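Feature list (source: Swiss-Prot):
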BINDING   Arg110, Arg141, Asp229  substrate binding site
BINDING   Asp229  Mg(2+) binding site
SITE      Tyr148  site 'Critical for catalysis'
SITE      Lys195  site 'Critical for catalysis'
TRANSIT   1-12  transit peptide
Amino acid sequence: MLRQGIAAQKKSFATLAAEQLLPKKYGGRYTVTLIPGDGVGKEVTDSVVKIFENENIPIDWETIDISGLENTENVQRAVESLKRNKVGLKGIWHTPADQTGHGSLNVALRKQLDIFANVALFKSIPGVKTRLNNIDMVIIRENTEGEYSGLEHESVPGVVESLKIMTRAKSERIARFAFDFALKNNRKSVCAVHKANIMKLGDGLFRNTVNEIGANEYPELDVKNIIVDNASMQAVAKPHQFDVLVTPNLYGSILGNIGSALIGGPGLVPGANFGREYAVFEPGSRHVGLDIKGQNVANPTAMILSSTLMLRHLGLNAYADRISKATYDVISEGKSTTRDIGGSASTSEFTNAVIEKLAKL
């Protein structure tokens, strides 16, 4: 079903939602859940809202303003909103390492809505100086099990057991998602990241499942495997060898941070999360930015580009193309870039530069 009716452009992002599961328009407009999150979330989502208003994009926002520091019961407000609207744009909720009493709201949201696939796009951007150029890889991460299952307990004082859950059903689901993504986006290979040399049952199940799905259902694509520690080294040394990486939960988080460093930082990485019924778009590297909150210096590029992925998901491709081009043009010219990529512009100045560029397109 996912292969039907959706055309892909070469090396561009193609949605994987079935058309019948997309939200309905009311009065010619979509309603989208907006979750600013913590840290710089409000600043960068404000950039998107301003750009969308300037472009008269037919989207209304339902804002759910809660913090990751709040009780997990509050995540229900976001869940209920997303169930109504089916699509969301989200900042990152902060989960302190020493937090006790409740788990991550980010994880809770993904589990409750079964948003099982995280997609992060790592592509070199002209105008951003980095050690390596022409990087173009995708990390597809299973979002709902693995080390993030949240099953921990102290069996006796001083002894903690953390359970890693891996299932064939969810491994098959993320494998098919990755292969479908590769086909729709004219990618050539899918590489399973694992640690099956040590975790022979859990990661062995994941690796073998990806291999079987690829060999039996997607013979036109190359299927590869790599151990996660080697993948980390290869990503730093020779990232051009990678096309689409499919990973269990934890490995995708680690490799995603490596990928963001390769292309210039977390402020440049767009991302999306998909389930069967719902889609939530957020920066791909999931950095909160608490240290620069309220300073008007955050790079909104990742959030802006994530919003263009959302527009394509909704079939609003012309708006997405305009905003993407304007954003890339501003970065390429280098006159109004933020300090994380060598400039001195503020968040609002970068946003205004994108709007000015849009007026000239």
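Glycine residues also receive a Cβ, built from the backbone N, Cα and C atoms like all the rest.
For the pair Lys195 (site 'Critical for catalysis') and Tyr148 (site 'Critical for catalysis'), the C-alpha distance works out to 16 angstrom.
Between the recorded positions Arg110, Arg141, Lys195, Arg141 has the most other Cβ atoms inside 10 Å of its own Cβ, all protein chains included. Site extent for substrate: the farthest pair of Cα atoms among Arg110, Arg141, Asp229 sits 26 Å apart.
In sequence order, Val107, Asn249, Leu250 make up the list of same-chain residues 6 or more apart from Tyr148 (site 'Critical for catalysis') whose Cβ falls under 8 Å from its Cβ. DSSP assigns Lys195 (site 'Critical for catalysis') to coil in the three-state reduction, outside any helix or strand. Of all Cβ atoms in the protein chains displayed, 14 besides its own lie within 10 Å of the Cβ of Asp229 (substrate binding site).
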